[in-house]
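Asker: This is the structure, below, for whatever I ask next.
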Amino acid sequence: MRFSWLEVAVTAASLANANVCIPLFPWYVSSPPFYPSPWANGQGEWAEAHQRAVEIVSQMTLTEKVNLTTGTGWMMEECVGQTGSVPRLGINWGLCGQDSPLGIRFSDLNSAFPAGINVAATWDKTLAYLRGKAMGEEFNDKGIDIQLGPAAGPLGKYPDGGRIWEGFSPDPALTGVLFAETIKGIQDAGVIATAKHYILNEQEQFRQVAEAQGYGYNITETLSSNVDDKTMHELYLWPFADAVRAGVGAIMCSYNQINNSYGCQNSQTLNKLLKAELGFQGFVMSDWSAHHSGVGAALAGLDMSMPGDISFDDGLSFWGANMTVGVLNGTIPAWRVDDMAVRIMTAYYKVGRDRLRVPPNFSSWTRDEYGYEHAAVSEGAWKKVNDFVNVQRDHAQLIREVGSASTVLLKNVGALPLTGKERKVGIFGEDAGSNPWGPNGCENRGCDNGTLAMAWGSGTAEFPYLVTPEQAIQSEVIKNGGNVFPVTHNGALTQMANIASQSSVSLVFVNADAGEGFISVDGNIGDRKNLTLWKNGEEVIKTVASHSNNTVVVIHSVGPILVDEWHDNPNITAILWAGLPGQESGNSIADVLYGRVNPSAKTPFTWGKTRESYGAPLVTKPNNGNGAPQDDFSEGVFIDYRYFDKRNETPVYEFGFGLSYTSFGYSHLRVQPLNGSTYVPATGTTGPAPAYGSIGSAADYLFPEGLKRITKFIYPWLNSTDLKASSADPNYGWEDSEYIPEAATDGSPQPILKAGGAPGGNPTLYHDLVKVSATITNTGNVAGYEVPQLYVSLGGPNEPRVVLRKFDRIHLAPGEQKVWTTTLTRRDLANWDVEAQDWVITKYPKRVYVGSSSRKLPLRAPLPRVQ
């Protein structure tokens with residue numbers, strides 16, 4: 001049965017069987033139920049924090065626990081999301097969650113870091129960690145408890161997906177390692193990291209009903225990403241396993257449906273995969289307005305509702321007082337709310353929030369010094385809301401380093417590095433210059449004016465400044481006594497031709513933008529319409545190249561673009577991809593162009609000749625009547641380079657490719673089996689669901705006398721001892737059997753899954769089985785970094801040709817040799833067995849490959865048989 005939207009909006013005991021969907025067409029997949037929601041047990045490094053959480057939650061009343069689980073409403077307090085508080089026990093203000101994965105959104109005096117996709121291009125674990133730690137320091141200094149990042153969803157199934165730049169790479173191993181290092185950095189700075197968007201959030205269009213309807217599409221449910229179990233485990237779940245193993249405190253569930261069940265009430269993905277199989281000990285928070293039911297979401301594994309209201313500023317909540325009603329009437333077991341509160345407080349203690357916490361010293365809603373305490377309704381005290389705390393520290397230096405380390409040299413025919421002696425330097429393209437409205441002149445960066453250093457949406461930050469390529473290069477040229485001629489209007493082709501014909505070197509800057517689906521730029525509804533350059537970029541390149549035989553092209557983009565029609569033009573002597581480098585953009589690219597930094601970046605995605613080279617297109621039209629658009633992941637694990645390999649298609653630039661100002665050689669591959677332990681499937685049962693504290697009567701949870709009620713603020717208290725009246729649910733009184741799934745409220749001991757047993761999954765998955773070493777030699781005349789990459793062939797008839805498993809970034813002086821040594825774990829060599837519901841190393845022969853990209857693998861050897 002489906003409720004009307006209004007009925008759903010006011011119910012506290014809404015349809016709980018969140019995984020039973022009756023699709024319009026019978027062949028559509030549905031997500032199997034998995035209940036009850038596993039309770040945290042403090043495994044591994046979580047033990048101390050878990051015990052402290054249990055101690056404080058045991059002292060909380062029901063409404064205090066509920067207050068931790070529910071945001072107070074959009075724009076009700078300083079942060080984009082803020083829970084209720086528990087002042088009686090020292091939590092004097094609610095937990096503050098704030099965007100984004102690359103810096104602080106809606107703030108000031110903060111840094112704008114390079115995007116996640118740039119971190120992936122560095123292939124550098126240390127830089128990923130340092131960037132995470134620097135961001136965490138800034139969030140902590142602003143009084144933020146929870147950073148809403150990093151992202152591994154979207155992973156990158158679609159090269160034109162709107163938010164792939166927020167994450168890292170379409171390869172799960174590369175993403176997983178850098179995802180985990182970023183999380184460690186953020187949390188070592190004392191801030192809870194949020195791994196998002198869990199899971200299969202691979203496109204923007206149709207992610208939300210109201211958003212789609214605003215664009216003229218009459219759908220009633222959000223898009224469903226339909227995936228098989230093997231693909232889920234081997235591709236999309238892989239980096240989230242790394243995040244859980246790294247100790248991430250929060251995971252954000254996504255807007256989309258997974259196999260026709262909403263991401264924030266999908267018991268298969270939340271209860272089974274995340275909490276039972278991966279042993280996640282932190283809390284699951286909803287994406288903003290991705291919460292679709294009361295009891296259903298609670299039983300399916302959601303722990304925190306953000307921002308608390310159903311629609312922004314409507315004053316209604318699935319949880320809050322409705323959660324209190326649900327516990328009192330027995331539809332939500334008390335142990336489930338206890339577990340929510342324990343999970344939240346465990347993450348809080350694990351990162352040290354109790355030691356480091358200061359109140360938020362900024363307002364997301366105004367840059368003015370003073371404003372109302374509750375901005376959405378202009379109520380509460382008129383007070384100082386912005387302290388203008390500068391949190392940037394010395395992070396500009398790191399930002400510049402990551403920017404240059406992530407610049408991929410795709411082509412170089414003797415053009416680079418520049419000598420500094422070039423007498424006339426032409427700079428071409430709007431992407432070289434400033435946004436005439438200012439670097440933050442477009443709300444949420446929702447435009448493409450000037451140089452592209454950050455894409456658009458909630459995954460953004462406010463620039464403290466933006467060094468453009470024009471500024472940095474002009475300074476360089478003038479310092480060296482040269483002349484510089486910028487033409488930064490893409491329509492000025494005549495002027496470009498004139499300047500190019502006179503220039504010693506012509507530097508062309510072009511871009512391609514994308515972002516979140518609530519903003520449309522030039523008809524790009526978050527996702528890109530195509531993979532071409534924006535603002536006449538191809539014509540700018542062709543114009544300059546036809547008048548200059550030393551044309552260097554620099555691309556700022558959110559992902560791959562089509563370069564096949566111009567990349568091999570002999571007048572184009574160099575091509576660089578600089579991604580989205582953040583505030584130090586110009587300085588970063590100048591460091592590479594002038595040779596202060598030897599480029600070492602490798603492309604974290606494949607550059608195809610056409611959009612069709614990548615496989616299935618985005619779902620851009622409803623394909624299920626007015627119901628949920630269906631996105632079938634029928635390609636399985638074959639995305640990006642795996643898909644190109646399967647089709648034997650030669651890309652323009654393969655995954656992992658990147659040039660240097662020096663050269664490297666690979667030799668002496670050695671493969672040695674280790675005495676790894678035998679794989680032991682997890683067995684046994686959990687303990688029973690623990691309960692902390694006691695539950696009183698409805699009268700104990702009435703709205704406190706004398707407390708001034710703020711309009712639309714989400715409270716945990718009841719308005720009446722009549723639970724039906726307090727819930728305002730027109731369907732109140734249904735029998736539990738009508739809407740509560742079987743076993744959903746069962747708090748008895750539960751079997752431990754074979755693939756589970758510890759955070760990240762079965763601990764024997766991570767045992768080293770094989771040691772691999774290779775010698776890397778700098779055969780050139782310039783010191784530099786090389787990124788050795790290790791790929792494995794898993795051998796099965798339906799497996800990718802190779803899959804990335806290990807990598808590193810190694811510095812070598814001219815002529816220097818180093819032996820790179822790494823290991824392969826059981827997980828690296830295993831496949832997911834759907835029938836056994838476990839990881840299995842198959843009988844098929846396996847091989848290991850080492851080289852500088854997915855297509856340049858000069859070293860190869862068979863792998864020994866291991867189990």
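Easy rule for this one: first residue shown is 1, then count along the chain.
In case you wondered, yes, glycine gets a Cβ from its N, Cα and C as well.
Just so it is clear, the model here is predicted, and its values are computed rather than measured.
Annotation source Swiss-Prot lists signal peptide at 1-18, citing sequence analysis. Under the heading N-linked glycosylation site, Swiss-Prot lists ASN67, ASN218, ASN259, ASN322, ASN329, ASN361, ASN449, ASN530, ASN549, ASN571, ASN675, ASN719. Here Swiss-Prot flags ASP287 as active site, drawing on similarity to another entry.
Have a look at these and tell me how they're positioned relative to everything else.
Answerer: A helical conformation is recorded for ASN67 (N-linked glycosylation site) in the three-state DSSP classification. Annotation for ASN67 (N-linked glycosylation site): spatial neighbours THR83, GLY84, SER85, VAL86, GLY94, PRO716, criterion Cβ-Cβ under 8 Å with sequence separation of six or more.
The Cβ of ASN218 (N-linked glycosylation site) has 10 neighbouring Cβ atoms from other residues within 10 Å, across all protein chains displayed.
With a cut-off of 8 Å between CB atoms and residues at least 6 apart in sequence, the same chain places VAL29, SER30, SER31, SER224, SER225, ASN226, VAL227, ASN266, GLN268 near ASN259 (N-linked glycosylation site), listed in sequence order. Under DSSP, ASN259 (N-linked glycosylation site) is assigned to coil, being neither helix nor strand in the three-state scheme.
A C-beta separation below 8 Å, combined with a sequence spacing of at least six in one chain, links ASP287 (active site) to LYS196, HIS197, MET252, CYS253, SER254, TYR255, GLY263, CYS264, MET306. Taken residue by residue with DSSP, ASP287 (active site) is part of neither helix nor strand, so it is coil.
Reduced to three states, the DSSP call for ASN322 (N-linked glycosylation site) is helix.
Annotation note: ASN329 (N-linked glycosylation site) sits in a coil segment as assigned by DSSP. Note on ASN329 (N-linked glycosylation site): other Cβ atoms within 10 Å of its Cβ, all shown chains, come to 19.
Around ASN361 (N-linked glycosylation site), the same-chain residues six or more apart in sequence whose CB sits under 8 Å from its CB are LYS142, GLY143, ASN386, ASP387, VAL389, listed in sequence order.
DSSP classifies ASN449 (N-linked glycosylation site) as coil under the three-state reduction. Contacts of ASN449 (N-linked glycosylation site) defined by a Cβ separation under 8 A and a same-chain sequence distance of 6+ are given as GLU430, ASN435, PRO436, TRP437, GLY441, CYS442, in order along the sequence.
Secondary structure from DSSP puts ASN530 (N-linked glycosylation site) in coil.
Around the Cβ of ASN549 (N-linked glycosylation site), 14 further Cβ atoms fall within 10 Å across all displayed protein chains.
Within its own chain, ASN571 (N-linked glycosylation site) has ALA545, SER546, SER548, ASN549, ASN550, THR551 as residues 6 or more apart in sequence whose C-beta sits under 8 angstroms from its own.
In this view, ASN675 (N-linked glycosylation site) is surrounded by 7 other Cβ atoms within 10 Å of its Cβ, with every protein chain counted.
Cβ environment of ASN719 (N-linked glycosylation site): ALA321, LEU702, PHE703, ALA725, SER726 lie under 8 Å away, each six or more residues apart in the same chain.
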Asker: Within 10 angstroms of the C-beta of ASN322 (N-linked glycosylation site), what count of other C-beta atoms is obtained when all protein chains are considered?
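Answerer: A count of 28.
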Asker: To the nearest whole angstrom, state the Cα distance for the pair ASN329 (N-linked glycosylation site) and ASN675 (N-linked glycosylation site).
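Answerer: Answer for this pair: 56 Å between alpha carbons.
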Asker: Can you figure out which of ASN218, ASN530, ASN675 (the glycosylation sites) comes closest in space to ASN322 (N-linked glycosylation site), comparing Cα atoms?
Answerer: ASN218
Asker: In the three-state scheme derived from DSSP, which category covers ASN218 (N-linked glycosylation site)?
Answerer: coil
